[in-house]
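> Could you have a look at this structure, given as structure tokens, before my questions?
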Amino acid sequence: MSWIIFYTIIAALLILDLGIVHKKNTVIAFKSSVFLSLFYFIISCLFGIYIYHNMGLDHAREYYTCFLIEKAMALDNIFIISIIFQFFKIPTTYQHRVLFFGIIGVIIFKAIIIYGGIMLIHKFSWLLYIFAVILIATGIKTFNVSHKTYDIQNSYIYKSIIKNLNITHNLEGHKFVIKRNNKLYFSPLFVSLILIETIDVVFAIDSIAAIFAITNDVYIIYTSNIFAILGLRSLFFCLSEIVERFSYIKYSLALILIFIGFKIFMHHYIAIPAYISLTVTITSLLLGIIASIMRKNMIDHK
């Protein structure tokens, strides 16, 4: 029953998103984007209350912790998505269409990765320690890297697409696939969609590794992941400005990843309850936001 309720909510949100709010290919206003993302955030929080009533306080804490971590980590690939759109010269009017179908792919791929990961961890529990090393290494690396970059032309996926598919250099409206002379051609919209899906899968490895350290409940992991991504995709059109404004969030995320990595190594000696993980996550993010605001105010007053 819980799965039916979740998928019903997601289906309703997707229908609302593409069928009503973005039925026409128009540029999404900043205020509309913020409002829609806030709407998704409220729905996500209400779903956490539903989990609390049906599964208990600890599961609700795990849900909110996973949700916030996924939200923060998903911010990291916004720049790369923006680079992909710029590279293929995708107009703003069509970007939402690509992101929407990207969400459909994420819903499928996340399910495969999460179920596969849970099965592997149950069979090979030592994999958690590998995840811990990945998380700590990623956290340390985040402190030393100012911006993520993505070399599209030299990426394996892009080269494979160009080599094996008929690609058009120009857009034909909002079409992903075009038929010419009994041949199928794929537009830049299609190529950008494939690259974004690939990026989502790569980024999912870090985020899922972090969340496995919080809980191994498939329902909590999957629902928190999907709700976090839904809200971010709707906010994409103003997110570059927000990410620039909150430039220290990445350091908050680095601290969270390192904390979770050490939590995995210490779980045999110290049982860290869900409320501590949630407290560390919220505190780290708030400190990052406050530090970012203070930095921006100092720059503005110079």
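A Cβ is built for glycine as well, from the same backbone N, Cα and C atoms used for every other residue.
Grabbed the feature section from Swiss-Prot, which reads as follows:
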| type | residues | note |
| --- | --- | --- |
| TRANSMEM | 1-21 | transmembrane segment |
| TRANSMEM | 32-52 | transmembrane segment |
| TRANSMEM | 67-87 | transmembrane segment |
| TRANSMEM | 98-118 | transmembrane segment |
| TRANSMEM | 120-140 | transmembrane segment |
| TRANSMEM | 194-214 | transmembrane segment |
| TRANSMEM | 218-238 | transmembrane segment |
| TRANSMEM | 253-273 | transmembrane segment |
| TRANSMEM | 274-294 | transmembrane segment |
> With Cβ distances under 8 Å as the criterion, find the stretch in 67-87, 194-214, 253-273 that has the most pairs with the transmembrane segment (98-118).
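Stretch with the highest Cβ contact count: 194-214.
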> Out of 67-87, 120-140, 194-214, which stretch touches the transmembrane segment (253-273) the most, going by CB pairs under 8 Å?
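Maximum Cβ contact count belongs to 120-140.
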> Should anything in the same chain at least six residues away from the transmembrane segment (120-140) have a Cβ under 8 Å from its Cβ atoms, list it; otherwise answer none.
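For the transmembrane segment (120-140), the far contacts come to 205-206, 209-210, 212-213, 216, 253-258, 260-262, 264-265.
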